[in-house]
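What follows is a set of notes on a single structure, which appears directly below.
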Amino acid sequence: MEAQQESIAALEAEIRELQASLQRKKDELHSLKQSTVTAGKLTNNDIARYSRQIILPQVTVAGQLKLKASSVLIVGAGGLGCPAGLYLASAGIGELGIVDYDTVEVNNLHRQVLHSELTLNLPKAQSARAALQQINSQLKVRTYEVQLKSENALEILQPYDIVLDCTDNVATRYLLNDACVLLKKPLVSGSALQFEGQLTIYNYNGGPCYRCIFPTPPPPETVTNCGDGGVLGAVTGVIGSLQALEAVKVLLKLDGTLAGRLLIFDGTASSFRNVKLRPRREDCAVCSAKATITKLIDYEQFCGMRASDKDMALKVLQSDERISVEDLKSIRDSRKPHLVIDVRNPLEFEICHIEGSVNIPLKQIIEDKGLDDLKQRTSGGIPVFVFCRRGNDSQLAVKHLRKKLEGVAEAKDVVGGLHAWHYRIDNNFPIY
Amino acid sequence: MGGTDLPLVLEFGGGAELLFDNVKKRQVTLDGSKTWKIKELLGWIRDNLLRERPELFLQNDSVRPGILVLVNDADWELLGELEYELQPNDNVLFISTLHGG
Ligand SMILES: [Zn+2]
């Protein structure tokens, strides 16, 4: 058995190396072929390749040339970005940008169809680029292996004609909306969860932006991500493919786009529903004449949620603003007065919590709900220690609380949260 | 009977149905001898359909942020939001927005 495991590992390593050298050859070939791409006219190869869509009266030679001269930015190379990229690359779009800081995980493969067993652990942007250029060697792809943030969004979006929101979290959706409004770019926004999907185009043809429809972000405890709620691959496939369709229609300036309408897909009933959205809000915070947002803001703070759909080690605090589980344990053992706050949502608090801890969800902390009560409980400098599941949300809470409790008490983040408590202090404490 | 009934179709989607025994579509009949605005319908839903944690559906006398209300497939904002007066056989859809991908 063990010998077999070793041979498998050795072979896998060898294949990975061969793949890397194959990819280098492919890149070399691709850059040679790129030099043969002719701008402004269709080659014989283009005509043959795209003939089935060129003969459509909505496309024609002029339309195909437009697509060839177009650039599309795909934000998120996941369940939506993969099928969207597939159809855009195949349709002969000249240039695609792909933004994704993540690597390919095995739990992605049921829906993220550009990635494969062979590209596990590779950056998703690279994996997607290789798959797309294998399909279409004429395609230019630019990859951005970074998290989209207020600091880099405008620069990354700037060169593209249109942006596809294929992301997985609320904060990035607000960020993309505001960036597209500021840059006057249409935003094809898709989303999916479980058996359902939603799709529209924001900020296009006089239609509303995301903030016109949703001026206020949803309470964090009402937001479910794919990791927690699950999602069917074919459902993201439907929505991602439709995002490519809408992008092509925008690039060809065709009528009938989803601007001003929302498409709702229910995979359980295989039903599509098309609803009419409100027009632009006259008092929209970003797209109206009365806009108060004229540059990008801190979207994690605005939403009270992190810009990710999974746990990752966030570091927003200095080390003296944090405490280890071991040090907290000795403070608790010494029975010195202190207050433990747990910032998870009430449902999770119900699953398990540190004895004597008080549940104040992150959103409430950000909104300063119960701040006066908190000031009273900590008056005289009673130290506050803040927990969450893995020590990310608690940092956002502490960052906020340190400002609000200044001169009253000091708040510290418990590094690693309840997970660290389980692994290093109390193995009987449940983990989820 | 008949003349004094206000029949409505209520639908819930995007996860909002989880607050309503996972039922996506239901037929309800309200007392048609008085007029019903959507804000009154919300109160009726809270009292008659919502089982637990009303704050996940309602906030400050309206639906919570992130839920879109559609009357006969049109954004309720086009119809006066809370002040819209319901008509017999109106279809009211409450859809929670999705953020995953
Ligand atoms: Zn707007």
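Cβ coordinates are placed from backbone N, Cα and C, and glycine is handled just like the others.
According to TrEMBL, the active site, glycyl thioester intermediate annotation covers A:CYS226.
Under the three-state DSSP scheme, A:CYS388 (active site, cysteine persulfide intermediate) falls in the coil class. The feature active site, cysteine persulfide intermediate is assigned by TrEMBL to A:CYS388.
Taken from TrEMBL, the feature ATP binding site applies to A:GLY79, A:ASP100, A:ASN107, A:ASN108, A:LEU109, A:HIS110, A:ARG111, A:LYS124, A:ASP168, A:ASN169. Packing around A:ASP168 (ATP binding site) is summarised by its Cβ count: 26 other Cβ atoms lie within 10 angstroms of its Cβ, all protein chains included.
Among the features that TrEMBL reports, Zn(2+) binding site is placed at A:CYS209, A:CYS212, A:CYS284, A:CYS287. Within the same chain, residues at least 6 positions away in sequence whose Cβ sits under 8 Å from that of A:CYS287 (Zn(2+) binding site) are A:VAL181, A:ASN203, A:PRO208, A:CYS209, A:ARG211, A:CYS212, A:ARG280, A:ARG281.
Only residues 6 or more beyond the boundaries of the coiled coil (A:1-35), in the same chain, are considered here, and those with a CB under 8 A from a CB of the stretch are 118, 130, 133-134, 137-138, 140. The annotation coiled coil is assigned in TrEMBL to A:1-35.
Annotation comment: TrEMBL describes A:334-430 as domain 'Rhodanese'.
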- [ ] From the recorded positions A:LEU109, A:ASP168, A:CYS284, A:CYS388, pick the residue whose C-alpha lies nearest to the C-alpha of A:CYS226 (active site, glycyl thioester intermediate).
- [x] A:ASP168
Open item on the list: Please count the residues of the domain 'Rhodanese' (A:334-430) that DSSP assigns to helix (H, G, I), strand (E, B) and coil.
Closed with: 38 helix, 14 strand, 45 coil
Task: Chain B contacts among the recorded positions A:GLY79, A:LEU109, A:ASP168, A:CYS226 (Cβ under 8 Å) - done: A:GLY79, A:ASP168, A:CYS226
Open item on the list: Taking the Cβ of each of the binding-site residues and counting other Cβ atoms inside 10 Å, which one has the highest number: A:LEU109, A:CYS284?
Closed with: A:CYS284
TODO: May I ask for the distance between A:CYS388 (active site, cysteine persulfide intermediate) and A:ASP168 (ATP binding site), taken between their Cα atoms and rounded to an integer number of Å?
DONE: 21
